[in-house]
């Protein structure tokens with residue numbers, strides 16, 4: 001018998017119950033005892049194995065994006081951008097690439113309602129012919145912080161109080177009162193789009209600035225945007241309470257039901273590009289993840305479409321064990337010097353090794369679908385079949401070679417080692433622009449939400465004043481409305 005034929009898969013299920021080792025089990029409802037009412041015997045191997053397996057079913061929860069659901073489909077290029085990038089999966093219109101997408105909430109735990117006011121994750125894994133490309137984004141184009149060293153703190157502030165295990169806005173507002181750069185993200189999170197109706201009716205963004213490299217070697221900064229073809233729909237605060245009270249998995253069910261009925265969710269992919277030579281022409285730093293790029297100056301360019309036409313086969317295997325990492329890029333797409341992106345390149349791989357083990361990229365849902373080869377051997381839960389005798393490089397006995405050099409940005413740097421804040425902060429302009437772009441009733445809902453959280457009893461007069469000052473600098477009328485309703489004078 002070929003021992004590799006019956007690899008772990010439900011496709012090879014026996015017609016009868018067995019142990020993990022394959023031995024037949026004749027009774028799966030009674031423990032082995034001495035007599036009818038005697039003590040249970042330790043020699044009941046099946047009992048011990050069954051219970052031990054059960055008590056180890058849960059793996060560490062994601063520290064963020066714990067609540068999520070995945071679906072599979074394809075990405076198809078619809079517009080030629082081969083002049084902008086040499087990425088193989090973007091080489092020509094009509095090219096299709098298999099994908100898996102994970103949608104999630106960010107802050108709350110694995111079993112939390114999907115109606116919480118929170119950022120949503122929008123992560124896409126492209127299984128390309130040149131390896132996996134993970135575009136790990138959100139439904140907001142910006143984030144609260146611009147430097148990865150602050151990431152543990154912002155998550156700690158957003159997460160529940162470590163003493164009470166209750167999420168409390170006095171903690172969040174205390175921490176972020178030190179971060180005026182967070183204002184633009186609040187203009188998404190506390191706007192109407194802060195509670196999407198479901199995952200099908202929300203936008204997605206790559207958030208960070210990446211780089212595209214053309215065959216000629218020309219480099220462009222790029223931002224990625226996903227636009228749902230069925231439009232954007234949100235829940236009001238009142239609707240969210242009703243929907244979440246009736247079904248805490250409403251968005252998961254909506255996604256599953258839509259795909260099962262043939263109503264496949266679809267998004268269009270657009271990009272914005274910028275010549276690095278032009279980065280000093282703006283009143284903000286293009287690598288600052290707390291800022292958006294103005295679309296009137298850097299217009300959206302269509303690239304392709306994302307279609308989800310298959311539900312997952314198993315939640316644990318294809319959602320819980322699905323692992324994303326912004327460090328996974330392919331030739332033609334590279335990182336930028338965005339400080340938060342640089343940190344995520346390490347942090348995401350590190351958290352997956354903690355959750356799933358050092359060989360998490362061998363799991364079927366994470367493994368590349370193209371041929372691959374390296375000498376990363378052994379480690380916990382390594383199940384890759386290998387029969388090589390050479391596990392080092394170079395060798396006269398192994399003909400493997402390094403691949404041809406792929407194009408990457410050739411930046412040159414000068415300067416001293418330093419820890420500093422970027423010079424072009426400009427923390428208030430874009431937040432004010434977004435607020436003023438809304439209709440009056442939408443502005444009123446935003447103000448109402450801020451009045452509510454700024455009324456937290458444990459929030460100090462000083463912190464309230466700081467926030468009113470921030471919003472006043474973004475838009476004078478907004479600050480005045482908050483000050484009037486809270487009976488607080490702004491202070492800096």
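Backbone N, Cα and C atoms are what each Cβ position is placed from, and that goes for glycine too.
Swiss-Prot annotations:
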ACT_SITE  65  active site
ACT_SITE  138  active site
BINDING   348  heme binding site
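Cβ neighbour count for residue 138 (active site) (all protein chains, 10 Å cutoff from its Cβ): 23. There are 19 other CB atoms within 10 A of the CB of the residue listed as 'heme binding site', with all protein chains counted.
Secondary structure at residue 65 (active site), taken from DSSP and collapsed to helix, strand or coil, is coil. Separating the Cα atoms of residue 348 (heme binding site) and residue 138 (active site) is a whole-number distance of 15 Å.
Rounded to a whole number, the distance between the Cα atoms of residue 138 (active site) and residue 65 (active site) is 10 Å. Residue 65 (active site) has a Cβ environment of 22 other Cβ atoms inside 10 Å.
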